[in-house]
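**Student:** What follows is a structure written as C-alpha cells; I'll ask about it next.
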Amino acid sequence: MCASVKYNIRGPALIPRMKTKHRIYYITLFSIVLLGLIATGMFQFWPHSIESSGDWSVEKRTGRDVPLVRLPADSPVPERGDLSCRMHTCFDVYRCGFNPKNKIKVYIYPLKKYVGEAGVPVSSTISREYNELLTAISDSDYYTDDVTRACLFVPSIDLLNQNSLRVKETAQALAQLSRWDRGTNHLLFNMLPGGPPDYNTALDVPRDRALLAGGGFSTWTYRQGYDVSIPVYSPLSAEVDLPEKGPGPRRYFLLSSQVALHPEYREDLAALQARHGEAVLVLDKCSNLSEGVPAARRRCHQQQAFDYPQVLQEATFCMVLRGARLGQAVLSDVLRAGCVPVIIADSYVLPFSEVLDWKRASVVVPEEKMSDVYSILQSIPRRQIEEMQRQARWFWEAYFQSIKAIALATLQIINDRIYPYAAISYEDWNDPPAVKWGSVSNPLFLPLIPPQSQGFTAIVLTYDRVESLFRVITEVSKVPSLSKLLVVWNNQNKNPPEDSLWPKIRVPLKVVRTAENKLSNRFFPYDEIETEAVLAIDDDIIMLTSDELQFGYEVWREFPDRLVGYPGRLHLWDHEMNKWKYESEWTNEVSMVLTGAAFYHKYFNYLYTYKMPGDIKNWVDAHMNCEDIAMNFLVANVTGKAVIKVTPRKKFKCPECTAIDGLSLDQTHMVERSECINKFASVFGTMPLKVVEHRADPVLYKDDFPEKLKSFPNIGSL
C-alpha cells in the first residue's frame with residue numbers, strides 16, 4: 001500500500017517531463033521532413049545544371065550559362081578519318097541493343113563553350129542551321145536523354161561550315177566528349193567541307209571512326225555504307241515563295257545560274273549559248289544592282305536582270321556544275337523549281353544516293369562531255385522529262401526543303417543499316433505519296449523476316465453447304481496462327497444462317513455477301529483481309545488437320561511469294577492432240593496446287609481482280625471453272641517460280657458429299673480444265689507453270705520418334 005502511494009505521489013512529477021521530451025522529438029522529426037520536402041521541391045523547380053542532357057538549345061542559353069571548357073595545347077587529337085571504316089568494322093551495333101520499335105536512340109551532348117589555351121573560341125557561335133538540326137533530332141522519336149540507352153551520339157559542336165572552325169582545336173574538343181571512344185557511334189554533320197586552296201571534299205577535322213554526314217563527298221573520300229552524303233542546305237530556296245509549276249516544256253531548254261565558275265566552264269557555256277541561241281540561257285552575277293536589292297536574289301544575262309530562284313522555273317533543264325566545292329546549294333534551288341538538274345561534277349556522290357534513285361530525277365553528264373550536253377538532253381523522251389520534273393520537285397519536298405528533313409533522312413538511313421529487316425523500301429524512299437497511295441506493295445520485295453502482324457486470314461467460299469461449312473470453320477479455327485475467318489457467301493437466293501447458329505470460335509468471323517455468284521469472288525481484295533497471308537479453302541475441305549494447316553503456313557512464311565498448298569496437279573503436253581492436258585492422277589511431278597486449300601500473299605488478290613491479262617477473269621466467271629488454275633498461272637507468271645506442295649495428302653474428296661454437290665465431279669467440268677490451260681497459255685503468250693518433283697514435309701515426318709516431341713505430329717494420311 002505504501003509503495004502504491006509513493007508511486008502515485010511521484011507519478012505526476014515525471015509525466016510532464018516525458019511529454020516534453022516526446023514533443024521535442026516529434027517536432028524535430030517533423031521539421032526535418034518538412035525541410036526535406038521543401039528542398040526536393042526547390043530542386044524540382046530550380047533551373048538544372050547545364051549538364052542536363054536535354055537542355056542544349058542555344059535558344060535557352062546565354063553566354064553566361066554555357067560552361068567554359070579550356071583545352072590545353074597538348075590535349076589529345078583524334079586520328080585522321082579511317083577510310084577503311086564500314087558498319088561492320090567501326091560501328092558498335094551492340095550499343096543499339098534490342099528495340100521492339102526498330103528505332104535507334106540518339107543522344108545529344110550538352111552545350112559547352114570550348115576555348116583554346118589562350119582563351120580563343122574553337123568555333124563561332126552555334127549557327128541557326130545547326131540549332132535547327134539539333135532541335136529536329138530532339139523532337140524526333142530517335143532522341144533519348146539517357147546516355148546509357150544511346151546508340152548514336154551527336155556533339156553540340158557546330159561543324160556545318162569548316163570555314164568557321166579551328167581544325168586542330170575542334171578535334172581536341174571532340175576527343176574531350178565523355179563517350180568519344182575513338183569516335184565510335186558518333187555522328188558529325190558538315191555541309192561545307194575543306195578550305196582554300198585545296199577545298200577537300202570531306203571535313204578536315206580529325207575524327208577517327210566517327211560517321212560523317214557530309215555535303216560534297218567525292219568517291220575518293222566517301223566511305224560507302226558508312227558515311228551519309230547529305231545536301232548543301234539552301235536557305236534561299238527554303239525561304240522564297242515558289243509556287244509549283246506543272247511539268248512540260250518551258251521557255252528555256254537549258255539554263256545555267258551559277259556564279260564564280262571556273263573560266264573553262266564559262267567558255268563551254270558561252271559556246272553552248274552561241275550554238276543554240278535562245279534555247280540556252282547562261283546567267284552570272286549582276287554588276288549594277290539597285291541599292292537594297294540582295295545580290296543573291298538576282299542573276300543577270302548581259303544587261304537583263306532575272307529574279308532568282310524564280311528564273312529556274314523557266315527552264316526544262318538546269319545545270320549544276322562543280323564549284324570550289326563539289327556540293328552546291330544550287331542543286332536544292334533547281335529541285336525546288338521543278339527543273340531537271342544536269343549534274344556535271346565528276347566523282348560527286350549525290351545526296352542520299354544510298355537510297356534515292358537519282359536517275360529518276362536528274363541527268364549526270366561527265367565533264368568531258370559538257371560540249372555535247374545539249375544533244376544528250378534532246379535524246380530524252382518528253383514523257384520521261386515530265387516524270388523527272390515531278391520527281392525533282394518531290395525530292396526537294398521530301399529531303400531538301402529544311403534542315404529537319406535532312407537530319408531525319410540521315411538518321412533513317414543509319415537506322416535502316418542497323419535494322420535492315422525493318423528498312424524503308426525503295427518505293428517508300430522514291431515514290432511520291434500520290435504514287436504510293438495508288439499502288440499495292442509488291443510481295444517480291446518483302447522484309448527479311450515475316451511481318452510483325454503474324455497469322456493468316458482464312459477465306460472460305462461457300463454456296464449452300466452449311467453443314468460442311470461449319471465443320472471447316474471448326475477445324476480451321478483450331479490452327480494456332482489463324483487471325484481471322486472470312487466466309488464469302490456466294491448464294492444470292494438464300495440468306496446465310498442466323499448469327500446464333502454459327503460455330504463459336506476464338507477469332508473474328510466475318511460473312512461477306514456477294515452481288516453475283518462468281519468463282520472470282522474468292523480472290524477479291526476485301527478490306528477485311530488485314531494479314532499478309534491468305535488461306536483459300538473450299539467449304540468441303542474437312543479432312544485437313546490443324547497440324548497440316550499450321551505446317552503449310554510455316555512453309556509459306558519461308559516462301560511468301562509462292563503458292564503453298566495441298567492438292568497437287570500437273571499440266572502435260574498431249575503429243576497426239578498437240579495441246580496441253582490437265583492431269584489429276586498421282587504422278588512424280590506437280591506444277592499446280594489448287595486453291596481449294598492453299599496459302600498465298602494477299603497481293604495476288606489485287607492482281608487477280610485488277611491486273612489479270614486478257615479476258616481470263618470473265619471467262620472463269622462465265623464457265624464457273626478454273627479460277628484456281630488462273631491463279632496458278634498468274635503467280636507463276638509474276639514470280640517465275642514453282643508452287644510448293646506440302647504434306648503427303650492426295651485425297652481431298654469429301655466423303656459425305658454427293659455427286660451433285662461438287663463442281664469438280666462433273667465430267668464436263670474436268671474436260672474444261674484442259675481447255676482452261678490452253679486458253680490461259682494463249683492469253684499469257686507462254687506457259688508460265690513450272691514443274692517440280694518435290695514437296696515439303698516436316699523434318700521428323702515418318703521418323704521413329706515419339707509423336708509428342710514432334711512439332712507437327714498429326715500430318716494425316718494420304
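Backbone N, Cα and C atoms are what each Cβ position is placed from, and that goes for glycine too.
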**Student:** Could you tell me which of Cys286, Cys339 is bonded to Cys318 by a disulfide, according to Swiss-Prot?
**Tutor:** Cys339
**Student:** For the UDP site that Swiss-Prot assigns to Leu461, Arg465, Asn517, Asp538, Asp539, which of the candidates Asn430, Asn490, Asn493 is also assigned?
**Tutor:** Asn490
**Student:** If Swiss-Prot says Arg465, Asn490, Asn517, Arg522, Asp538, Asp539, Asp540, Glu627, Asp628 bind UDP-N-acetyl-alpha-D-glucosamine, which of Arg417, Arg673, Arg695 does it name for the same site?
**Tutor:** Arg673
**Student:** Which of these links to Cys676 by a disulfide bond in Swiss-Prot: Cys286, Cys300, Cys626?
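**Tutor:** Recorded disulfide partner of Cys676 in Swiss-Prot: Cys626.
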**Student:** Of the candidates Cys85, Cys90, Cys151, which does Swiss-Prot name as forming a disulfide with Cys96?
**Tutor:** Cys151
**Student:** Kindly assign Cys286 (disulfide bond) to one of the three DSSP-derived states: helix, strand or coil.
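**Tutor:** In the DSSP reduction, Cys286 (disulfide bond) maps to coil.
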**Student:** Please give the greatest C-alpha separation between any two of the UDP-binding residues Leu461, Arg465, Asn490, Asn517, Asp538, Asp539, in angstrom, as a whole number.
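**Tutor:** If we measure all Cα pairs in Leu461, Arg465, Asn490, Asn517, Asp538, Asp539, the largest is 15 Å.
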**Student:** Let me know the model's mean pLDDT on the topological domain 'Cytoplasmic' (1-25).
**Tutor:** 44
**Student:** State the count of C-beta atoms found within 10 angstroms of the C-beta of Cys318 (disulfide bond), not counting that atom itself.
**Tutor:** 31
**Student:** Name the residue among the binding-site residues Asn490, Asn517 whose Cβ has the smallest number of other Cβ atoms within 10 Å.
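**Tutor:** Result for the binding-site residues Asn490, Asn517: minimum number of other Cβ atoms within 10 Å at Asn517.
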**Student:** By CA-CA distance, flag whichever of Cys151, Cys339, Asn637, Cys676 among the recorded positions is nearest to Asp539 (UDP binding site).
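**Tutor:** Going through Cys151, Cys339, Asn637, Cys676 one by one, the Cα closest to that of Asp539 (UDP binding site) is Cys676.
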